[in-house]
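Presented below is the structure to which this report refers.
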Amino acid sequence: MLRLWACLLLLGSIQIQAVPFYGDSSSEEVAEFDDSSDSTHESSDNSSFMPHLTHPLPAHRNLFAPLPYAPFAPLAPLEPQDPMHAQASQRMASVWSGPAPLAPQLHSSSHLLPLFSSGYDTEFVPLEHQQQPQGRQETAATVPAQTPNGVEQKPFNVDTITTDVNSPNPAIFFQQSFPFFGNEFFNSFGGFGFGAAQEPWWKGPNVCTEKEEDETVATETEAEETVDTFGQERDGVTNVVRSPLFGQFQFSVNSCAEKPNKHVCTKIVNQNGKKKTLTLTRQCCYGYGRPRNADFTTPCEKIDIKDVEATASDMGAKQFLESARTAGELADMLGAGSGKKVTLFVPNDAAFMEYRGHHQQENNVEDAKAEASKPSIYKLHAVLGEVQLEDVPNEKLLQTELPDQKIRINSYQLPAALGLEPYRFAANCVPIEKHDKLSEQALVHTLGGVLKPLTKNLMDIIRERADMSIMRTVLEKTNLSAMLEDDKPVTIFVPTDAAFDKLEPHLRRALKEGRGCASNILKNHLLDLTFCSLATVPGAKTTAYNLLGEPLLLNRTHRAANQTGPTPIYINNLAKIIDADIMGTNGVLHVIDTILPTESALPMTSLMSQKNLTIFQRLLEASGYDDQFDDLDNVTIFAPTDKALQNTEWARMLKEQPELLNHNLDLLEFLNYHVVKPMIKTCDLSEKSLPTVAGSSVRLNLYSTHALFSDVMNRATVNCARLVHFDDESCGSVLHQVDRALTPPKNNMLKLLEANPNYSKFLELVRKANLTQLLSNDSRSLTLLVPKNDVFEELNESGEGSKPADPMALVKTHIVEDVVCCAGIIPTNWPFVRSIESISGQHLRITRDRRPKIENAGVTKCDVVATNGILHEINDIIVPRPQRQQQQRPQLIPPGAGYQPQGDFDVFF
C-alpha cells in the first residue's frame, strides 16, 4: 500500500513513458488485427500487458476487484509530442515523455509489447465492458430482455463504447487514466474483490474470426478537428485527446458490439484525408452456437443440424415445404444444389392452412393446393445468402428469388418489464415467430402468415380503395401524395370516408378543400418509418412520433376469454384500427375509423367548439363570417367565455332573433374587435396597445399576483378583461380566453363623467381644478377614481363635507398615471402592502377584501373603459395618509440616495 502511494507521489519527479493498451488474453489477437506487426509475443501464463482493460469483469468484482499486475519493460524514450497539435495518428496512444521507469518485478514471466508507431496502421484496442459493468449471472437469467452481462441488446446498430472520463465507475476511470497502477491499487483500500477473471465466450473454443478492411477518402466533416464544450479536442469519429491530468495522455477509442453469437469490433482511423475502417468479427463457427440469453462466458457448443424439412417440422412449419416439394419448387428455392447459402421464411402450418382455405373460398377453386402452389408464392419466401436477423438493420430490403420482389425486415424493441424477447421482427409486417435456426440446406425463420407479392405503392392502394376517396382527394390537393409514391418507408393511418362524415363541418370543409392547415392534419396520420401492428403489445402503450413531431399513443387491448382473431388497437384512445398491415412497396397502411385531430391544425371555429366557446362560435356562424375567420392567419383572438357572453345583447339575439345577426355589420365590428395581429403568445405579451382587425386598439396590461415577488408578472388583461385560458394554437393563430366581452370604447374620461349624472359633483371639482384638458387627452393612459354624488351628499349631511379648499389637490389624488385594472389588485397583508402613486405624488395603498380597496375607499364598479384609460367608481373620497406617517413606517427596502419608486407596486411595511 505504502509502495503504491509512493509511486503516486513520485510522479512529479519520475517521468514515465507508457505504451498503448493493446493487451488481450492472447497476443495472437493483436497480430490478427495488424498484419504489419512483426513483433513476437510469448506468454507462458496466457496473460497480457493490461488484462483489466480488455477482460470482462465478473459480476462480483466489477468495481474494486483485484487483478494481477503485468510487468513493465524498460523502453527507449519517445520524442515529446504536443497532444493538442499532434497529427491524427500521433494521438492514438498515451504518451509521457522522459526516461523509462524501473519495471516492478511482480511476475516471473513477462513479454515485451511493440512500441507505438506513428504510421497508418495501429493496434486494435477493444475497450468493451469498461462502460457497462457485468451483471450477475443469476440476475441476467431472469431478465430475458437483456444479455447476461447486463448490457441491453441492440442487434441492429453498433454500440460505440467510449472511454468517457465522466464514467460513473471511478475504478474504470482511474484504470484508463493511470494504467500503471493496475486494479490492485483500489483493492489495497479494503480488498473488496475476489476470484479470478472469467473469459468471454468469443475468446473461447469453436470461435471463428473474420477481418475486414476498407479504405475510403474521408469527408471534410470527418477529417476536421473540433473542440467540444468540455474542452476535449476531437479528431474525426473515434479519436479523443483529453486535457492533461498529472501529465499528458491520449486515448484511442473503438466501437464494439456483442450479439448472442457474434462479437464485432470496429476501428476507424482518419489520416491525411483517408479513412480506414478495420472490422474484426468473432462468431461461433459453422455447426456451433450458443443458447439465446446465455451468459457471456457460455462457450460455443456443437448444435444438432438437421435436414431443412425436418428443421421446419420441428419449428411447426412443415406444410409449406411439403407443398413446395410437391410443386417441384423446393429444389430451386434451396439453390438447386449449387451450394449457395439460402435463407427461408417459412409460414407456420396454421398460417399456411388458413391461406389455403381463404383462397379456396375466395376463388371457388376446387383444388386449393393448385392455387397455393404458384411458384411466386414459394420463391417469394426464399432469399439468397444466410440472413441472421440480429445482423439485419431495420427497414432492410432483402431481394427474394422471385424477380422484382423484396422482403422488408423491421425490428421493434420491447420494454424489459414485459419479460418477453427484447426484439420483435417482421417480414413485410408478417410476424417472424422463430428465427435463426440452422439446417443443412438453409437458415430458417418461421412466419405467422404467408407473404404476398407487392406491386403497388401506398398511394396506388388508396386510389384503388372505394372507401378512401375523400382521403385520396385531400392527399392530392395538399401534395402529400408524392410522399406516398416515393421509395422511402412510410406508415399512414387512413380514415375511411365514413370517418370524414363524423367531423365538425368547418374541419370537414377545410380538409376537403385542402385549405389552411389541412396538410398538418394529414401529417398527424403519417410516420416516416414502417410501423407494423406487432410493435404493439397488450398492456403496454407504444408511442410513435408523426411528421409533426407529435406523439401518437397506440394501445392494444387485452384479449377477452372468448375472443378470436387479433385484439383491437386504439390510437390516442380515439381511433380504432379496423384493418391493419396492408403492405405496399414503400411501407404499410392501416385503416382507422376516426380522424386524428391535432389542435395546431384545427380551424379557429373548430378549436372554439373544442374549447367550449360555443356562444362566440355560434355568433360567428350566425353572422356568416365564420369561413372568413377560419381563413385568418397570424392572428391572436381573445374569445370571451360562455359565462362572459350569456347575459349580453348578442346572446339574447342569438337565442331569440338569430336571423337579425346574418351579415350584421355591428356584430362584425364586435367580433373583429376581439382579433389582433400578429399572433402573440403569453410569453411574448407586454404592456402596450395593439390595433385590432376592427381598426381601434386594445390595451394589454400585466400584473403580479405574488405578494413577495412583485416583479414577476403572471396575470394579463386586455381592456381589463382577464386572460383565464391561453395559448391554444390553431393553424398559424393563437386563441386566448377572456372573462369579459370586449367592447370598443367611444368616449374619453371627460365624456364619461359628462355622460353619467351620478358623477356631476366630481365633474364640478374637475372643472374648478382646470383638469378637463388632462381627462380629454387621448394620448394619456390614466386610472380615474370617481366618488358618486351620494358620497358627497353623505359628507354634507354629517357636517364633514364643506367645500375643499384645494379642489386641484383633491382631484389629483384621484388620478393615477397608469392603468390599474381591478384584476391587478390582489389581497395583501403587512408587511407586503402594495401602493400606486397618484399624480399629486401621494402613495395610495391597494388591497382586496370582498372588493378591491384603494386606501379608505372601496371600488363599487370596476373597469369602465375609456379611450384614454379606465374609470373605477368608489364609495368614499380618498384621504391619503399624512406624509410624516409614511416616513415613520419602516420600509422593506430603505430608500437611500437616488431612490426611485418602482412603479405601481412598491412594497412597504
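From the backbone N, Cα and C atoms, a Cβ is placed for every residue, glycine too.
The region 'Disordered' annotation in TrEMBL covers 30-52, 131-155, 881-900. What TrEMBL records for 131-150 is compositional bias 'Polar residues'. Residues or ranges marked as domain 'EMI' in TrEMBL: 204-302. Annotation comment: TrEMBL describes 304-451, 455-596, 600-742, 746-878 as domain 'FAS1'. The compositional bias 'Low complexity' feature in TrEMBL is assigned to 881-891.
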Ask   = By DSSP, what is the split of the domain 'FAS1' (455-596) into helix, strand and coil residues?
value = 48 helix, 41 strand, 53 coil
Query = For the domain 'FAS1' (455-596), what is the mean per-residue pLDDT, to the nearest integer?
reply = 90
Request  = Using DSSP, break the domain 'FAS1' (600-742) down into helix, strand and coil residues and give each count.
outcome  = 51 helix, 39 strand, 53 coil
Note = Residues in the domain 'FAS1' (746-878) per DSSP class, helix first, strand next, coil last, are 43 helix, 39 strand, 51 coil
